[in-house]
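Working notes, beginning with the structure itself.
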Amino acid sequence: MSAVKAARYGKDNVRVYKVHKDEKTGVQTVYEMTVCVLLEGEIETSYTKADNSVIVATDSIKNTIYITAKQNPVTPPELFGSILGTHFIEKYNHIHAAHVNIVCHRWTRMDIDGKPHPHSFIRDSEEKRNVQVDVVEGKGIDIKSSLSGLTVLKSTNSQFWGFLRDEYTTLKETWDRILSTDVDATWQWKNFSGLQEVRSHVPKFDATWATAREVTLKTFAEDNSASVQATMYKMAEQILARQQLIETVEYSLPNKHYFEIDLSWHKGLQNTGKNAEVFAPQSDPNGLIKCTVGRSSLKSKL
């Protein structure tokens, strides 16, 4: 005898663009995002008995995303995701959970002749702001915020030495190396009782995103890094200290390697050690370092 153990469905890759027009100043502000909504509830019969009566059509989910974006603010995305998820569990009695993922695409206002342009923008990087909102009936709202695709590099002030050495080790110790990574940072908010509580904390979502970004960049730049592990822990520690509603901070940092090129074969040209100026950036393989840091009162899952 078979039974459905878990099921969710919905609409993915819904692209949304919204413009806010200030009629007084003529300044326009744009937002672009990609949204995924997955629903859970009493939907087993759609799988086991071909009963479509319990299915909220994914096309209807798409339409709901557009209508909700028209009728509500789409920023901060934590609020928009909470409004959207709450709609589904309140509208449909048999739907008990809504999972909303939002990826915000970057549009930065252009500066023209030294002044911000009122309606022109540039995508100056592939950095993204993301949220995962889980609205569960009777259990409140869980929100994870994150930034990803923030590519950084520093040409010095990074070390790696004192690591375990055995018969598999060929890596040389170094007290000065290039450090580059694509930052993926996630912070888990405390559980919110419902949409009203989320609304009461709206200013903190943008402020915390800005704080996390600023802490990440400042620590990366200024820390004389003993390792990626040590630096990412310092980043997470500072974010937790600056926002008490955050329960955990998680970093995932690839270590993107830049190798010295030995050019001594060409007329004795010196390009290693202190003389290294030309390097070969490596696409793969790369290191990958992950860490979740929480408050000491929370149990570790190590």
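Every residue gets a Cβ built from N, Cα and C, even glycine.
It should be emphasised that the depicted structure is a prediction, and the values quoted were computed from it without experimental measurement.
Per Swiss-Prot, N-acetylserine is recorded for SER2, and the stated evidence type is a large-scale study or a structure entry. Over all protein chains present, the Cβ of SER2 (N-acetylserine) has 6 other Cβ atoms lying within 10 Å. Following the DSSP three-state reduction, the secondary structure of SER2 (N-acetylserine) is coil.
Just so you know, the Cβ of LYS11 (active site, charge relay system) picks up 20 other Cβ atoms within 10 Å once every protein chain is counted. The active site, charge relay system feature in Swiss-Prot is assigned to LYS11 (among others); the stated evidence is experimental evidence.
Here Swiss-Prot flags THR58, ASP59, PHE160, ARG177, VAL228, GLN229, ASN255 as urate binding site. When Cβ atoms from all protein chains are considered, those within 10 Å of ASP59 (urate binding site) total 9, not counting its own. ASP59 (urate binding site) falls within a helical segment according to DSSP.
Under the DSSP three-state reduction, ASN255 (urate binding site) is assigned to strand. Annotation for ASN255 (urate binding site): spatial neighbours LEU179, SER180, THR181, VAL228, ASN286, GLY287, LEU288, ILE289, criterion Cβ-Cβ under 8 Å with sequence separation of six or more. Taken from Swiss-Prot, the feature O2 binding site applies to THR58, ASN255.
Taken from Swiss-Prot, the feature 5-hydroxyisourate binding site applies to THR58, ASP59, PHE160, ARG177, VAL228, GLN229, ASN255.
The feature active site, charge relay system is assigned by Swiss-Prot to THR58 (among others).
Marked as active site, charge relay system by Swiss-Prot: HIS257 (among others). Within its own chain, HIS257 (active site, charge relay system) has PRO281, GLN282, ASN286, GLY287 as residues 6 or more apart in sequence whose C-beta sits under 8 angstroms from its own.
The binding-site residues shown are PHE160, ARG177, GLN229; of these, the one with its CA atom nearest the CA of SER2 (N-acetylserine) is GLN229. Cα spacing between ASP59 (urate binding site) and LYS11 (active site, charge relay system): 7 Å, rounded to the nearest whole number.
A strand conformation is recorded for PHE160 (urate binding site) in the three-state DSSP classification. A count of other CB atoms within 10 A of each Cβ picks out THR58 as the most crowded of the binding-site residues THR58, GLN229. Largest Cα-Cα distance over the residues recorded as binding 5-hydroxyisourate, namely THR58, ASP59, PHE160, ARG177, VAL228, GLN229, ASN255, equals 52 Å.
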